[in-house]
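Taken verbatim from TrEMBL:
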DOMAIN    277-391  domain 'ABC3 transporter permease C-terminal'
DOMAIN    728-844  domain 'ABC3 transporter permease C-terminal'
TRANSMEM  270-292  transmembrane segment
TRANSMEM  327-351  transmembrane segment
TRANSMEM  357-376  transmembrane segment
TRANSMEM  433-452  transmembrane segment
TRANSMEM  723-750  transmembrane segment
TRANSMEM  777-804  transmembrane segment
TRANSMEM  816-841  transmembrane segment
């Protein structure tokens, strides 16, 4: 081609002409690009939303999204801290006290003045009404209003009581007027009650705040929640701020939600999304590559003529890329919109939260568009290269045969329809392999997802989460926001008496709990260090995300004293907790245990049952609250038979010990039940649940109820998100495979109209030709099924088995049911698609097809 030719307009013209001339190919290609973009966008929406929801959940559990807080400050110290250049924003509050009204005993409610920024940092800014302005205004969250049994009505009068002197039992009371409220943060350890600045200022006018701090009083002290320039190394930043201002003695705390370990845990949750993106890329590549490969084969003579006219290989490659670009202009925007809609629907299913956040970050659309475009670009690379390299002579002779060798074959048995069909598959091995791989990928993935979903084990989950049909407990133990209260009044003798009168009651058990200090012997300290700090402190480092645990563990080693969490148990609990599967050291003797001279220690379940446990060994003596006991056994405590699920200080490092309830009450006589377990005959469970719900509604809103039925429903809800997401991706990829198969069959048949006309003209009947095409489709199906069954069996038997082995709530169950179900469907497609295509060709007469071929 002459150098003075204007190439760009020529390429644009050819691109437009080629685009208009291949409408059916364009439609299939656009559909493939749309599907690929939909899957990329959905996965981006899910991953971005999961990360943001996880961040918000951690911030809400921490009670704030500020980087750090400085506590127990005078007003002057607070002003001094604000001057540091590292601090970019702050919110200030003044502590009044902790509400001690009836109904608030199971939830800490902090009464304080707070500015707007502090309230916003704490997820506690009124959504109805406003922050306090008048002297006796107050703003509360809905959880506090619920606990007090009050309606959500502005202007109502509310009286709260608190202790001005923490060393005195005297309470101070004040009547306030509700000026604003917001939805309670169920994840936080504490609720907020905001009073006006005028109230706080007048109350502590003239008070020596430094003297208050020196006497360990909190009333009138300031607290500063701050944001700094960098969220990394917050501990060092806080210390540097105090050092620079020459106030190293001030108390501070950094927000654990910014801990790098928390971020790494969040990133690990995105691994399935990353694998999904890889599968989407492979699936999209296979179909888009096949579409353009078929397009090049069909238009190869056109490209040869262009070469004859002087078009370079580079220009032909640009022509193909330009065509792909035009298709992307249609397919990618449509895929982004559909994918975002699909992702938005899946987020509430996948993220079990009251207020799931659906991210609309530009990163989602930009990332999905780039990934989709790159997939299309890579898919076009080989076909474009092949089109650019072919010579004019080769192009004009080309007849969709990409294999080399003799074209005439001699067989002893002669030609047959089935052998001709099988031979036809070998004419374009790349296309055949691409279609088989695309179909196999979808079917194998579907089988793996189904096998993983079938491995969810409800019975296994229930055994580890609920040890009785019903469990009632104090509200402080029912969620991660609970603060352990050993003196709760929720499980009163009246309630227990009514439960014991329930029809169908079969068995019961009580759990008491109390904390006490326990001296550590050198032997126990050595066992602790051996368990947590060997192998490069692997177990210790794994707990870095929990600052309370680390702080208490380090303190226990320094002080040689640990917090002991002592449980009192009766009913069926002693026998259940000491079943052979849970005993790590020693053996349980019921008679000796009930004597009151023995204690059972809690340990940790490990793969090596003979591993040294980080607690007192069997036979050793220890003193709990003044009484000496001998360790009878070490067990791995069942999750429900404790106060797990706590957050903050209640989740700190401690040692667990179990005593008979009678012995427990001798050393902790003021303790009350914190959990009550009971079994009910199946036919009476509905009545029992109704009784408990009525009791909670009419007598005690602090009663928390856990039933096997609700736990089973919760488990189904949690696993449903995984099921739906996995199945959605698998079905789309399987659909892409089927689309690839249909496109290949249609194109292969339509592009061979000349060949069909010629072999019909020399004697092949219409029926024989139709049967040959059906055989081709069936060979595709049989080869795909063979590859799918082989690959699927290995993937499920090895891959899914390994995946399930790390999931404590699953039991591997081998199944390839999706392959069995897909087999007749694929065989049906293999027959119907060739028949429909051939019917359309047969509408044109043989003479017209021969004339068109000429």
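For all residues, glycine too, the Cβ spot is worked out from N, Cα and C.
Bear in mind that TrEMBL entries carry predicted annotations, made automatically and left uncurated.
Remember, predicted model here, so these are calculated numbers, not experimental data.
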Exercise. Given the transmembrane segment (816-841), which of the listed stretches 433-452, 723-750, 777-804 has the most Cβ pairs that are under 8 Å apart from it?
Worked result: 777-804
For this session: Using DSSP, tally how many residues of the domain 'ABC3 transporter permease C-terminal' (728-844) sit in helix, strand and coil.
Result: 98 helix, 1 strand, 18 coil
Exercise. By DSSP, what is the split of the domain 'ABC3 transporter permease C-terminal' (277-391) into helix, strand and coil residues?
Worked result: 97 helix, 0 strand, 18 coil
For this session: Calculate the per-residue pLDDT averaged over the domain 'ABC3 transporter permease C-terminal' (728-844) and state the result as an integer.
Result: 83
